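Remarks on the structure that follows.
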Amino acid sequence: MIAKMRGNYLLLTIIIIALALFPFVSDSRTLTILLTQIFIFAILAMSYDVLLGYTGIVSFGHAMFFGIGAYATAIILKKTEPTMLSFFLSIIVGMLLAGIVSFIIGLLTLRLQSHFFAMFTLAVSGLFLVAAEKSRTLTQGNDGFTFRAPEFFADRTTFYLFVLACLLIIFLLLRLFVHSPFGSVLIAVKENETRSAALGYKAIYYKVMSSVVAGVVASLAGSLYVVSLRFVNTSVMGIDITLNALLMTIIGGVGTLVGPILGAAIIQLAQHNLSNLAKTYPIFERWIIFFGIIYILAVIFFPKGVVGTIREKLGRKS
Amino acid sequence: MELWINLTVNGLATGMLIFLLASGLTLIFGLMSVLNFAHGGLFAWGAYAGVWFYTVTNSFTLALIGAILTGAVLGFITEKLIITPVYGDHVQQILITLGFMIVLSEMLKVVWGPNQIAAKVPPALSGSWEFGDVLIIKYRLFIIIIGFLVFGIFQYILKRTKIGLIVRAGVLNKEMVQALGINIKRVFLLVFMTGAALAAFGGALMAPYSGVIYAEMGMDFAILAFIVVVIGGMGSFPGSLLAAILVGLAGSYMAYYVPDLSLAVNMIIMVIVLIFRPQGLFQVKG
Amino acid sequence: MTTLLKAENLHTYIGQYHILQGVSFAATQGEVSVLLGRNGAGKTTTLKTIMGLTPASKGTVMFKGTEITKKPTYEISNLHIGYVPEDQAIFAGLTVEENMRVAMRKEDDTTLERQEYILSLFPDLKKYWHKDGAFLSGGQKQMLAMARAFINEGELLLIDEPSKGLAPIVIEKVMEAMTEMKKTTTIVLVEQNFLMASKIGDTYTLIDDGKTVHTGTMEELIANDELQHTYLGIG
């Protein structure tokens, strides 16, 4: 067991070093940008996994937290001098707002059946999307606006490394979180709410806290996302973002944290390649259909995802 | 006065369309504990099917029937392929029905293209009636009448017929219904198909009302329907009518007086209901 | 004397709990077989397992010589097996009349005549005919549950603790009705009230810790103080 864990850490370290060295070895700008996107979506997907995998609740409004972070950063960088200070400030503002919103939503709906949370988050995120479209003075609606990123990120490689570091830190923090006593209670609540309630755990408290953590991390992903584009529009609030997070988490492996990272890579690479294919074969313009079908099949036949399934197989062998 | 009446008529018409979507949602939820996130997709399919049948047959009646049948067939497919495999697992149901929603709306784009399609009001129902100073658009009144008619018919079925009794009993206690010799799975399928047909019917009525149809309309309307289901009480048929009218009217008045708040007002109603009456305005007795 | 229902070595899990660990008994046509035992012994689960509501993982249930262990609940019910659950499971929100209608296999004259006859056994129900099931008293709910299970020409009735929580005078009425029902139907009765069980029962099966520990005729049990003391806490 310990040897296996050491092996895992060794593997992780090798992968991280390889990824960190990657931009110095390869001079493919496209690939660097693609990897940056993968890292950002990996952060988003991990935050989703905290909800779905570790707390057993489904949110259809995760895009709103992503969007909150995205707009907080874009607006602050637009209105102020784009320094690293205002960048960090914007991240904190986004996280705070996301935390407050997820806290309120959680408090309102998490004591009810899981349906309510899914429905409510869907509706509230719809509201946020409309609000973003209507507040044209601030957001310029669907047209969006461009802004300047801090000088420090002018070099794509620097930003790449920064996002990779964020991914690593968030991964370690979330790992710590789900393996903490708090995380164990979360899983207990997920497995059997009545019983954990009998043991004296207030399920609602744990669920709300987990939704706050997920919201805050998603906001960070949003902040990083807009800086990578140097542009923001209402699509950051769109349901597609939520679906991406959902898909990445499910394909990669629910409740594993590593899975969503892998899922992010799979989905981003597939999207990248499929939209290239669309130039030759128009049917691939509707690549979302393939995702929808794969997703449905995954939910029915492959509910543990790639990582979950591998772990199950390995677990059986030993 | 005229303005006020027009806003009310608008609100009622929108409310009826939401009701057609929400009533199926609420019955399916009440009986099967399944919240069908693909319901909006069935609504959009109804709209497209209605427009298509109308252009092909040039008869609005046939268009509506075509939409209803499309809805029922899609409902059959959805229940058998999507709902049955994950029956009893809430999280999986929520996930899978949303996935199917995506497939449904993307399929619309594959079949009819990604652009908006115009929908015409049939000649018999276009134009308006004058009542003194007040001008009422015929088609809106038509929707309102149809809405109440559907409510009346379903209320009769639920209250007076054997199958209606079984559905109501099933909402209250599925186990006992089976112990009385009823195959609940067949009832599930029937209710699901009916709900899907109602949603498609609503979509077909919606198309000439809004003038254009697009693949994402399902999701937009589904959100309103979810709000209605929460406000009305999950599983309550009369609750869904009242809540739909409430949401329709609130939306219509707010769109005129405070346009920026028109969606927000429904959310606010929902939040208030969730805080003070999480079981909804009409609780289904258990 | 033909055996109508035969349960053999039933094992049932509810969640991860192994509730039945070998229940066997037989119900003879025309008799009242009583399942006795302490709280939590597995009597209710035995009835649910027969009905297919908590299917057995091991063992068999035979009804008129055919195996019904794995059949779905509605098919079992349609073999003319009526079920009165412990909590009565009245459809609150449906009137007494509607509760009866849900149970009717056919709504023909024969059934309606039978309904009149059943209502003569439970005159209270007639009084509350259009009343919502939610507003019935405990005794009325019990009567409705029994009437509902009896509405179709039945071969077997499974009745779970009809005396539970009822006043003695109401128990009296329920007993009277059951004595009448016994004339046309075989009954498997779960009962804690030994006095009642001993009056109406023909045979008994003692269940303890999910296992059948004793079976015999009711006379034998009445005569055996020691058995009553050990398993029923009487005397």
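All residue numbers here begin at 1 and follow the chain in the order shown.
Positions of Cβ are set from backbone N, Cα and C atoms, glycine also.
Keep in mind that TrEMBL annotations are predicted by a computer and have not been checked by a curator.
Keep in mind it's a predicted model, so treat the numbers as computed, not measured.
Straight from TrEMBL, the features:
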type	residues	note
TRANSMEM	B:12-30	transmembrane segment
TRANSMEM	B:60-82	transmembrane segment
TRANSMEM	B:94-112	transmembrane segment
TRANSMEM	B:139-158	transmembrane segment
TRANSMEM	B:187-209	transmembrane segment
TRANSMEM	B:221-249	transmembrane segment
TRANSMEM	B:256-276	transmembrane segment
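Taking every recorded stretch in B:60-82, B:221-249, B:256-276 and counting its Cβ pairs under 8 Å to the transmembrane segment (B:12-30), the highest total belongs to B:221-249.
In this chain, the transmembrane segment (B:60-82) lies close to the transmembrane segment (B:187-209): three or more C-beta pairs between them fall below 8 angstroms, excluding pairs fewer than 6 positions apart.
At the 8 Å Cβ threshold, with sequence separation of at least 6, the transmembrane segment (B:139-158) lacks contact with the transmembrane segment (B:94-112), having fewer than 3 such pairs. Remote same-chain partners of the transmembrane segment (B:221-249), defined as residues 6 or more beyond its termini with a Cβ less than 8 Å from a stretch Cβ, comprise 8, 10-19, 21-23, 25-27, 29-31, 37, 39-40, 43, 101, 151, 154-155, 158, 171, 202, 206, 266-267, 269-270, 273-274, 279-284.
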